[in-house]
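Structure record follows, encoded as structure tokens.
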Amino acid sequence: MNPLTKVKLINELNEREVQLGVADKVSWHSEYKDSAWIFLGGLPYELTEGDIICVFSQYGEIVNINLVRDKKTGKSKGFCFLCYEDQRSTILAVDNFNGIKIKGRTIRVDHVSNYRAPKDSEEIDDVTRQLQEKGCGARTPSPSLSESSEDEKPTKKHKKDKKEKKKKKKEKEKADREVQAEQPSSSSPRRKTVKEKDDTGPKKHSSKNSERAQKSEPREGQKLPKSRTAYSGGAEDLERELKKEKPKHEHKSSSRREAREEKTRIRDRGRSSDAHSSWYNGRSEGRSYRSRSRSRDKSHRHKRARRSRERESSNPSDRWRH
């Protein structure tokens, strides 16, 4: 069968499995689960083992390689065999590298069920023998050696942790001693500042209360005359307004005292205003009475003068007699 047709058939199989969602156990790759070798065909003749490892090591670590060469000339025949460390990398290599092109040549990749190393002849070099026997992959350490090295590492780490903890404890003790030595010297000025703050606190509070009381008094004084004009006899309404104007933060006792004082002030002012109005009314009445009496006297005098003139005009003979 033509190698290109084999490439097409393998790709068609992979596509069908992907479309149908076939499980790994039922896949055609499961037939080669015991072999980690793959076959590479159609390689360019110029490629060496190193070039092949660089290309095909993308999906796993390569442990062994066998590039078939001509015994006389030493040139490659265009195909080789690869061995991966993990068998699952062979599945990835067959699915992805099958049908790729390197230097214009399509490459065929397929599984190998039972790979047998070629019979060694006397002409083979020592290097090729070592490669075929030991492989070209990195050696993994044995489990016993790895466990012993892991046991040694925690012991070393534990010792280092103990030393670091001791150093940290010493540093903390030194820092605590320095802080304790600094505390008595620094505590005295702090206490003084706290006392000064406590002393200034009530002073500020009292000054604020006095300022608020002073502000409330002129406001009350400004609003009193308006209340007089609006309410002639409304002492009770004034008291209500004054109670509303008082701040909420004042105590009940102080508010009651101020209300009583304001009541007495309002009463005194009402009395003085009544007396002033009565005095003014009496004075105006006296003036009107006087003006009336004066007008009466003037009219009476004019009448007398007229009468006397009439008498004189009526009796001129009496004047000459006298």
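Here, residue 1 is simply the first one shown, and the rest follow in order.
Cβ coordinates are placed from backbone N, Cα and C, and glycine is handled just like the others.
The Cβ of K8 (SUMO2 cross-link) lies under 8 Å from the Cβ of G99, each of these being in the same chain and 6 or more residues away along the sequence. If you look up Swiss-Prot, you'll see K8 (among others) marked as SUMO2 cross-link.
Each residue in the domain 'RRM' (36-114) gets a DSSP state, and the totals come to 21 helix, 30 strand, 28 coil. Per Swiss-Prot, the feature domain 'RRM' maps to 36-114; the stated evidence is sequence analysis.
The region 'Disordered' annotation in Swiss-Prot covers 134-322.
Look at Swiss-Prot and you will find T140 tagged as phosphothreonine.
Residues annotated as phosphoserine in Swiss-Prot, with similarity to another entry given as evidence: S149 (among others).
The compositional bias 'Basic residues' feature in Swiss-Prot is assigned to 155-171 (among others).
For S186 (among others), the entry in Swiss-Prot reads phosphoserine, with the evidence type a large-scale study or a structure entry.
What Swiss-Prot records for S188 (among others) is phosphoserine, and it gives a large-scale study or a structure entry as the kind of evidence.
Among the features that Swiss-Prot reports, compositional bias 'Basic and acidic residues' is placed at 195-223 (among others).
The phosphoserine feature in Swiss-Prot is assigned to S232 (among others); the stated evidence is a large-scale study or a structure entry.
Summarising the annotation, Swiss-Prot assigns compositional bias 'Basic and acidic residues' to 240-274 (among others).
If you look up Swiss-Prot, you'll see K243 (among others) marked as SUMO2 cross-link, on the strength of a large-scale study or a structure entry.
The phosphoserine annotation in Swiss-Prot covers S272 (among others) and is backed by a large-scale study or a structure entry.
The compositional bias 'Basic residues' annotation in Swiss-Prot covers 289-308 (among others).
The phosphoserine feature in Swiss-Prot is assigned to S314 (among others).
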